[in-house]
Amino acid sequence: MDKPQILLTEKSPLIPAKPSAFDSLRAYSSSFRELMKSPKDLWYLYAFELTAYCAATMIVLSMSIYFTEVLDFSDLDAGFLIAGFGVSGVFVSIGLGHYIDRYGIKKSLLLANSFGILNFALLFIFENRYAQVFIIYTFCSIALSLQLPTAKLAVKKYTVESVRSLGYSIFYMAIFTGAALSGATVDFILSLGDTNVATFKWVFVVGFFEYVIAAIIALKLRELDYENHGEEEIDLLHKEVTGWEHTKESLSLKSFWRFFILTLLLVIVKAVYKHVFVTLPIFMYREIGEGAHFGYMLAVHKVFMIIAIPLFTMLIYYFNFYTLLAIGSLFSAIAFIPLMIAASYGSVLFFIFLVSLGEAIYAPRLIDYTLQVAPKGREGVFLAVAASPLILSVIVAGLVAGILLDSYCPDDGERECWKMWAWISGMTALMPILMIVFRKYLEQPEHEDNPYMPCAKKSKEN
């Protein structure tokens, strides 16, 4: 299946030449049939990601409640702690990016799962709050930072280019299904007891066994390059090159730094989705009432995502990937308006609906764009950088949530929570504007005569 050509005009870089609705629908339906021809490893991968992401988000989605209500940290301290989790993730993600390229899909996912299993086992054993923070910073951070970039690269390895965007859309459906199950499970467990360490131990038990199941599924995966070699297992490259040399070569590329600057802008946008589980639960507890079902609201968010992602995948026939990142970012900025107006389940649902539209447009296309600009053999490093908005956004959301909750939506005292959402919305709206204004400097050109930075020496890897 050939993807319709997307043409951008000089006068209006955001409005491409549109194929007919019939051509788009025919191409879209054809991509489903083509995707079904992919190797069984792709479907094992989807099952793995659903299970592993459900396990990982058992603690991540409830982190703000766990730190404040169970470990008894203040709003500000909890914000800094969540930000610290993001900092640890950044270093781990960039540091392990080379591992994926050099050691492959299966070994990387099994290593990630091993750390995930240890994370829940140690959280169950050690009850000291500082020990638990250390465990989350190390084991949970490594598990997430290695798991997501590896699984994203695996989708590329198990598909052909003509159906890859659809493959990533279904990949995100698996992620959000796992997150929906995670949110509902956490809410259900907390409804059975008090919000304390004893109750959360059941969360740790469930997460532990989900990671065990995911590890068993990962054993079924093979090292493939389906587009170029079919279902023949391939030998891995770059093992003779050190991890630092492999990473250094990527750092010498213009495309890397252009992409890195873009990801820094996207940090603020990605922070919107982190506010869904960092700031929204505390807001609901304080404005709607203690015991407000934030877990069910998170599950609804993921259900919206599962429905919206395949529908918005059709937009790839009308807009290029960069444009879709800007459009998704704009939707994310306006999503906070309902929360500025009222504090109720209705306004929360409307917020979740709008933010889901933005994320459904934005999230799968970031992977598409990443692999579009990444040189062959360096996808792991670029995907690790692409994961930095996910990780850095935790820092931003944690710091912003801690400061704004303390200033405008405190546990005790007068509250003006709408101002908190207004600040977050304003910061987010600035990002798509910058993406449009500086587009010619941020978007990767189709052809580049010299791909290396002026001060870089060509690596011995080439």
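FYI, residue positions are counted from 1 along the chain as it appears here.
Even glycines carry a Cβ here, placed using N, Cα and C.
Please treat TrEMBL annotations as automatic predictions, because they have not gone through curation.
According to TrEMBL, the domain 'Major facilitator superfamily (MFS) profile' annotation covers 35-443.
The transmembrane segment annotation in TrEMBL covers 43-66 (among others).
Among the features that TrEMBL reports, transmembrane segment is placed at 78-97 (among others).
Here the transmembrane segment (109-126) has long-range neighbours at 48, 52, 55-56, 58-59, 99, 132, 135-136, 139-140, 142-144, 146-147, 150-151, 154, 201, 204-205, 207-208, 211-212, 214-215, 218-219, 221, meaning same-chain residues at least 6 beyond its ends whose C-beta is under 8 angstroms from one of its own. The feature transmembrane segment is assigned by TrEMBL to 109-126 (among others).
Sequence annotations record features per position, and here TrEMBL assigns transmembrane segment to 132-149 (among others). Outside the transmembrane segment (132-149) by six or more residues, the chain places 52-53, 56, 59-60, 63, 71, 81, 84-85, 88-89, 92-93, 96-97, 99-100, 108-109, 111-113, 115-116, 118-119, 122-123, 126, 211, 380, 383-384, 386-387, 390-391 with a CB less than 8 A from a CB of the stretch.
Annotated transmembrane segment per TrEMBL: 170-190 (among others), in sequence order.
Among the features that TrEMBL reports, transmembrane segment is placed at 202-219 (among others).
The annotation transmembrane segment is assigned in TrEMBL to 256-273 (among others).
Residues annotated as transmembrane segment in TrEMBL: 348-368 (among others).
TrEMBL lists 380-405 (among others) with the feature transmembrane segment.
The transmembrane segment annotation in TrEMBL covers 420-438 (among others).
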Over the domain 'Major facilitator superfamily (MFS) profile' (35-443) the mean pLDDT stands at 85
Do we see three or more Cβ pairs under 8 Å linking the transmembrane segment (256-273) and the transmembrane segment (202-219), pairs being at least 6 apart in sequence?
no
With pairs restricted to those 6 or more apart in sequence, evaluate whether the transmembrane segment (43-66) and the transmembrane segment (170-190) have 3+ C-beta pairs under 8 Å.
yes
Quickly jot the same-chain residues contacting the transmembrane segment (348-368) by Cβ under 8 Å, restricted to those at least six beyond its ends, or write none.
152, 155, 164-165, 168-169, 171-172, 266, 269, 272-273, 276, 280, 284, 288, 297, 300-301, 304-305, 308-309, 311-313, 315-316, 321, 324-325, 327-339, 383, 386, 389
